C-alpha cells in the first residue's frame, strides 16, 4: 500500500501535467493513502503495519460489506521494528508532500514532518518486519530483499522533499548495501532509487550522481532486448517477464522507470552505451515502454486487454471477492465466510466489473486461462496499477 501510494505520487510529480481532468482523481487516491499513513503513524515509536488476520481473511470469500473476520491490528515498535515498512511509509509521505505543496501547503508540511519522524524511527530502530511480525505477515507479505533498500529509498524521497545535505550524506553512506540494481517493485527499490537520484542530482557537478547513473544505465541495459547484458525474458508476443508471480507488476514498474529515465537522458542529451554497438536513446526507452503498455491493452497474440473493462476482450473471472460476488442490491442477505465459495468456484464471469483493474497477466507463452483460482495471473493489485497512472498520462499526450 505504501509503495502504491509512493508510485501514485511519483506519477503526479513526473506526469501530472498530462493528466488533465483526471489529476483530481489521482490526488484523491494519494490523499486516501497519505491520510491512512498519518493515522498509522500518529503514536511516536509505533507504526501500525497491518489490519486483519491474513489467514482468516484468505480463508473466506466474502463481500467487504459482509466481512466478519477479526480486524486485529498489528503494530511494530522500538523493540519489534520493521525498517522496510516504516521507511516505505516515510517515502510515501515525503512523495505525497511534494504533490500537495501546490494545492494544500499546510497538509503538505504535515506530511513532510511525519515523513521525517517515521524515517528516523525506521533508521534508529533497525530490523525486519519478517522477524517482528513474521507469523502474521508471512507467507503472504514477506519481505525478501531486506530493509536496506527501503532506508535508502526513504532517504532519497526526503532528499527530494527537503534538499537537506543530511539525506545525501545518508545515501552515500548506505548505498553500498544495495546490490539488486535491476530490481524494482513493492519489495525491492534499487532500480527506482538509481533512476530517482540520477534525475534529482542532474545539476550536481560533483561525483555524487555517478554511482546512481552507472547503476541506472546497467538497469536499462539489463532490460533492453537487444542488449548483450539483457537479463529479463520476453514472451513471443513481446511482453517483459521476470521471475515470480503477478508478472505485470514488473512490466508496469519498469515501463514507468524507462519513461522517467528517458526524460533524464533527453535533458542531458545523452545515450546509454550497452556494449556490442547497442545504444539506448530516450526514444528507444519510450518505445520499449509504449510496447509494454500496448501489449497490456490488447496488442498481443490473444488480442486481449489485461485491463478489466477496456477493449472488446478482457479477463472476466478475476481473483477479486467484491467483483465475483453478487452486489448487495442483487442479493441483500449476508454471505458467510464459506458461503462465497460457490461464487469463487463458479465458471461464470464476475457479475461486477472492476473497471480499470490490471491483472497479473499471461503466461510466458502469451496464453491466459482466465481462471479465478489462478491468482498468480488473474488477481489485480494496486502495485500493478499504480505505476501505470503516470505512464498512461504520458502516452495520452504523446503520440507514437
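Yeah, the Cβs are placed from backbone N, Cα and C, and that goes for glycine too.
TrEMBL: automatically predicted annotations, no manual curation.
Listed in TrEMBL:
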ACT_SITE  319  active site
ACT_SITE  370  active site
ACT_SITE  379  active site
DOMAIN    1-391  domain 'Glycoside hydrolase family 9'
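Looking at residue 370 (active site) and residue 319 (active site), their Cα atoms lie 9 Å from each other.
Counting only the Cα atoms, the space from residue 379 (active site) to residue 319 (active site) is about 5 angstrom. Sequence-distant contacts (6 or more apart, same chain, Cβ under 8 Å) of residue 319 (active site) comprise 359, 372, 373, 374, 375, 378, 379, 380. Taken together, the residues of the domain 'Glycoside hydrolase family 9' (1-391) have an average pLDDT of 96.
Neighbour density for residue 370 (active site): within 10 A of its CB lie 16 other CB atoms from the protein chains shown.
Cβ neighbour count for residue 379 (active site): 17 (other Cβ atoms within 10 Å of its Cβ, all protein chains included).
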